[in-house]
Amino acid sequence: MPREKPRADEIAIEMMSVCEDETEVEQDPRELYEEEMKEQQQIDCSKQQKEVVAIEELEKRNINKHFFSIQPNTQIPVISSNYIAPVDTSRLLVLIGKTKATYPIMKMFSLSVLAGMLLSVGGLLSITIGKGIPSSDIGIQKIVFGFFNSVGLNLVVLCGGELFTSNCAFLIPGFMEGAYSRWLFFKTHFVVYFGNLVGSIFVSTYFGKLLGSFESPMYLSAVKQIGETKVAMNWGRALLSGIGCNWLVCCAVYFSASAKDLLSKLVVISFLVLTFASLEFENCVGNMFLLSLSHMYGGNFTLGQWILNNLIPVSIGNFIGGTFLLGIPLWYVHVSNVYNIPFLDPLYQQSQAKTQ
């Protein structure tokens, strides 16, 4: 039998039902978003409640199990808005190094001259205050000298100057990652080193000698003694002292990069500079100011002795300390792919076995 054609009224009823279904399905996006947010809040609240219950049960079980209530294999989260994690700070060094290495040469030179001048201001202040203390109180004299010497590095960091010593740690991670060429790496070190020398000698000449800041007998003998003692140091001691100095200097600048607020930056830099200055470690940029000032005030040494006996070994030591004691370790641990040793890394062995 031939199939009957649907009537017009039946077709209209079906179309109306379909439209009603579609209107029921379609909802306001705001309502959907609010419903999703409510569901997510309920899930988060339930998770937090479960975590609180789990922590309370764990504390009840292990309250007397370990000495001083220290529980092994438990992670304690540290939440601070004023602190950047070491991993993130170390990865940031790659970007900082690339930025430094790709500066236009005049900008790089200007920032390095500024850094040499600002660091020398700290040297002026430390001599004026530290060497004014009687030499019988040698411990207090070293502490005061080191504390006010930190003013220079604080000014350099806050003004964004280019310092050879801190660049030893800040340039190597980006270079190891291939962010810039070998030519840019060595060019940056050379330009910054020369700019620091120009800035340091300018301050020692203008503010130190021409203004007669240290012509009194007490300061005159102290300034001469500083230069003569540094030049009389043997090559090996100057090299090792330079390594230790720049290790601490680079730590100070690195830790200041991980701090977000100004006070934290000033505190960490001041204490680490106080440490290396009190220990009488050698800083090549600081010595550019101190030895040039001592030479201008009649220190018993020649320019050749200054360069050969102090500037060269201390500069090499500073490069080793910043590059190999901080820059490369930070890059290896936090930036590079960790090189697993098969017979010492069980997780590496398991992953290799699964792939095979």
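Each Cβ is built from the backbone N, Cα and C atoms, and glycine gets one as well.
It should be emphasised that the depicted structure is a prediction, and the values quoted were computed from it without experimental measurement.
Annotation comment: Swiss-Prot describes 1-108 (among others) as topological domain 'Cytoplasmic'. Confidence over the topological domain 'Cytoplasmic' (1-108), given as mean pLDDT on the 0 to 100 scale, stands at 64.
The topological domain 'Extracellular' annotation in Swiss-Prot covers 130-142 (among others), and the record cites a curator's inference as its basis.
What Swiss-Prot lists as topological domain 'Cytoplasmic' is 164-182 (among others), and the listing cites a curator's inference.
Secondary structure of the topological domain 'Extracellular' (204-237) per DSSP (helix as H, G, I; strand as E, B; remaining residues coil): 26 helix, 0 strand, 8 coil. The topological domain 'Extracellular' annotation in Swiss-Prot covers 204-237 (among others).
Remark: secondary structure over the topological domain 'Cytoplasmic' (259-265) totals 4 helix, 1 strand, 2 coil, with classes taken from DSSP. Among the features that Swiss-Prot reports, topological domain 'Cytoplasmic' is placed at 259-265 (among others), with the record citing a curator's inference.
Residues or ranges marked as topological domain 'Extracellular' by Swiss-Prot: 287-310 (among others). For the topological domain 'Extracellular' (287-310), the residues of the chain that approach it from at least six positions outside its boundaries are 116, 119-120, 123, 196-197, 200-201, 203-205, 208-209, 214, 220, 223-224, 226-228, 230-233, 235, 238, judged by C-beta separation under 8 angstroms.
Feature annotation from Swiss-Prot assigns topological domain 'Cytoplasmic' to 332-356 (among others).
For the transmembrane segment (109-129), the list of distant contacts is 103, 144-146, 148-156, 159-164, 191-200, 202-204, 207-208, 213-214, 219, 222-223, 226, 277, 285-286, 288-290, 293: same-chain residues at least six beyond its ends, Cβ to Cβ under 8 Å. Look at Swiss-Prot and you will find 109-129 (among others) tagged as transmembrane segment.
Beyond its flanks by at least six residues, the transmembrane segment (143-163) meets 100, 103, 108, 111-112, 114-115, 118-123, 125-127, 129-131, 133, 192, 195-196, 249, 252-253, 256, 262, 265-266, 269-270, 273-278, 285-286 of its own chain at Cβ-Cβ distances under 8 Å. According to Swiss-Prot, the feature transmembrane segment maps to 143-163 (among others), an assignment based on sequence analysis.
Here Swiss-Prot flags 183-203 (among others) as transmembrane segment.
Distant neighbours of the transmembrane segment (238-258): 83-86, 89, 92-93, 96, 153, 157, 163, 165-166, 168-170, 230, 264-265, 268-269, 272-273, 275-276, 279-284, 309-310, 313-322, 325-327, 330; these residues of the same chain sit at least 6 beyond its ends, with a Cβ under 8 Å from one of its Cβ atoms. Taken from Swiss-Prot, the feature transmembrane segment applies to 238-258 (among others), supported by sequence analysis.
Away from its own ends, the transmembrane segment (266-286) comes close to residues 115-116, 119, 123, 126, 142-143, 145-147, 149-150, 152-154, 157, 163-165, 196, 200, 230, 233, 238, 241-242, 244-246, 248-249, 251-253, 255-256, 259, 310-311, 314-315, 317-318 of its chain (Cβ-Cβ under 8 Å, at least six residues beyond either end). The feature transmembrane segment is assigned by Swiss-Prot to 266-286 (among others), with sequence analysis given as support.
Taking Cβ pairs closer than 8 Å, the transmembrane segment (311-331) reaches residues 86, 90, 93-94, 164-173, 176-177, 189, 193, 235-236, 238-247, 249-251, 254, 282-284, 287-288, 291 in its own chain, all 6 or more past its ends. As annotated by Swiss-Prot, transmembrane segment applies to 311-331 (among others), with the evidence given as sequence analysis.
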By DSSP, what is the split of the topological domain 'Cytoplasmic' (164-182) into helix, strand and coil residues? 13 helix, 0 strand, 6 coil
Are there residues at least six beyond either end of the topological domain 'Cytoplasmic' (259-265) with Cβ under 8 Å to its Cβ atoms? List them, or say none. 81-84, 154, 157-158
